[in-house]
Each structure stands twice: as C-alpha cells, then as structure tokens.
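Trainee: Okay, here's the structure, questions in a sec.
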Amino acid sequence: MLDCKPRYDTCRPTNSSRKMAKKVSLQEARDIDGRNALHLAAARAHLAVCRFLVEESGLDVNSASAEAGESPVLLAAAGGDSGVLEYLVGRGGDPKMADARGSTPLHDAAERGHCETVRLLLAMGVEVDALGQRGTPLHLAAGWGHDQALKILLEHGADVSCYFHYWNQPNRIVHHTLSPLMMACCARSLKCIKLLVEHGRIPIMIAAAREDHELVEILFPRTKPIASLPNWSVDGIIDTMKYLPLKAQDAGLTEGQIADAKSRGNVAFKKGEYLSAIYLYGVASEKDPHDATLFANRSLCWLRLGDAEHALFDARHCKRMRPSWSKAWYREGAALSLLKDHEGAVSAFTEALKLEPENGEIKKGLRQCSPFPLLQYLVFQKCI
C-alpha cells in the first residue's frame, strides 16, 4: 500500500491568518476532541502550517490531545506523511510517545499500512514490539491485512509469538489472548497468514493442515497451547486447520464447510467466544461475500470486544450491500457511538429508525448518544 504524498503546498498561513493568530491563544484553543491546531495540521499533512505553529506560535510538538492522548507525531504517522513526521521529530517530537491506549506512532502507521512511515519510524529506533491495549504493531498490521507493512516489521525482528490479553472493559468478562496469527485469520488475509506461519515455524499447525494425525499426536505434548487455535486438542487442532488456508490451493471450501462455519460461528457467539466467531464468519464470507448478515454478525462481535474500528469497517461493508436494512445502519451507529462520534452515530441511528420505526434497540441507541436539543425534537416528532 502506497503512502500518501506530502501535501506541502496545499495550505500555507497567509498574512491575515498570522495576524489573527497573534490575537488568540493557540496553545489553549482545542476542538471537541481536545486537539489543538498542531494536532489538526499534522493529521492533515500541512507542513507549512506545522512550521508556523511550532516556530512562530510556540505550540509544543509533544502536546497530547485531551481526549485520546494523541501527539502530533502520532497523527502524522497515522496519516502516512513522512515529511511532516520528519519535521516534527526534528523539532523534538518523540516518535515513541504513546497515546491513552498505549499505541505509539508505529502502531498507527502499521494499522494503516503506511510502509514508508513504518520504515522511517523503525530507522528512528522505535521499539518494534511496543505493547499497547491493542497489541503490538505486528498485531495491527496483521489484523487489517497489511502484508507489506507486516513484512517490514518481521524483517526488523518483530516477535511472531507475542501475545496480548484483549478485553474491552475491566468489569466485563470478555477476555481473549491474541497472537498476530489469530488477527490475520480474523482479517482473512492469506498473505499475512503465510508470512506469519513462515516466520513462526509452528510444526504442529503445518502437520494439522496436512491432516497428519499421527504427527500431530507426537507434537501435541511438546507444543505450548497456541491462542489462535481455540480447541486445544489433537482433533480440535486438525479440525481448525481445515479452515486455515496455509496454501493457495487450500483456500477453496465446500458448501458444507461454509454452512458449518456459519453455524459454528453462531455457537461461538452464544458462548461469548467472539474471536472464534469472527474467524468463522470470515471463513463463511469467503464463499458467500454477499451475505450481509455475516458482516453484521461480525460487526457485533467486534463491538462486544470493544474494537470500534473493526466494528465500523464491517458495519459499513454490510450497509453497502443492504442499504435498506435497519440493522446495517444500527451497527454503524453503535460503532460510531463507541468511537465517540456522536454526530455520526445520531445520523446512522436516525436512518435505522426511519427503516424500522418501532425498534426499541434503535431508539435506545439514539437516546444514549443524542444531544439534548435533537432528542427533544425527535420526541416532539414522535420518532421516539
């Protein structure tokens, strides 16, 4: 995936804007998400504005946004702009500074597949296996199917066997241990899976993929449990590996396997095994990519895990296939609400309510995220 080209000349401070900037305190000005002007300029790759804000207005290159704890360096990395990133680091920006979730600039660059930015950050000496609430950069590259970014991380010594405990809220009993391989499986990225298996060299998985029962039995007592294989038994490993496309020719699945995958996904969901359900719904979607219910179900699994970004991705994919389905809009609203994009959530919930006016879940979601004046209006219109 190619990085965005730096847009150095698209936005330059004019004389009038410079005069106006001197009349206000740019250090104190923040938007609704607690970002200052430098955060916004870095996120939008406006190098000239960044220079003005740092060199003339004195904004701190390591200032953290009030809401998410994001630094300008992190936002530049997330946008994939190496020019702005180099400038900010050159002015004292910390390329290792993490946000409120423990994500570093390398996490965000890897998550979005910005290969040039990933290389630049690694050249700056950042930790390749920095662990945050969402895992390491390798987990994120695998989880979004960015095989080229993942390859760069592996070339720099990223730990394939690194696990992290994933939960959404401390008071919720939703707890999983994730490996990069499991994340790649959830993303259904054959290229990422191949890279990770090649670097991981896990003999028992290769033996199971070949359905070599005798060899799996020999390796089983000598192998530590692998988090990406939820049923840790000889038969369970072989059964799971039937669905794992380690080779291109293994990717084809029969109708019976697809139906079984969807059914097993539903069972896993009911048990609260959301990651297993995500993987199995993904298997089913390979054969029937136009089944919107699979993406709606997977979006709900991501929501239960507290992963709003993946939930929104699947919800919008579902909505593109069935724009007149209220559940697709409802899933999008729930994901946007979790992301604290209340305006977007209200819009999505409102569309869902138009399609299904008597749905209590949709009404509840709209009430929980609606600004009070809008809520009054909807009550007056008898929408709620």
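Just so it is clear, glycine is given a Cβ too, placed from its N, Cα and C backbone atoms.
As annotated in TrEMBL:
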- 33-55: repeat 'ANK' (REPEAT)
- 68-100: repeat 'ANK' (REPEAT)
- 101-133: repeat 'ANK' (REPEAT)
- 133-161: repeat 'ANK' (REPEAT)
- 326-359: repeat 'TPR' (REPEAT)
Trainee: Sort out the residues at least 6 away from either end of the repeat 'ANK' (68-100), same chain, that have Cβ-Cβ distances under 8 Å to it, and list them.
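Mentor: For the repeat 'ANK' (68-100), the far contacts come to 3-4, 6-8, 33-35, 38-39, 41-47, 50-51, 54-55, 61-62, 106, 108-109, 111-112, 114, 116-117, 120-121, 124-127, 130, 132.
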Trainee: Can you give the mean pLDDT for the repeat 'ANK' (133-161), rounded to a whole number?
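Mentor: Here the predicted model's pLDDT, averaged over the repeat 'ANK' (133-161), is 92.
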Trainee: Provide the three-state DSSP residue tally for the repeat 'ANK' (133-161): helix first, then strand, then coil.
Mentor: 16 helix, 1 strand, 12 coil
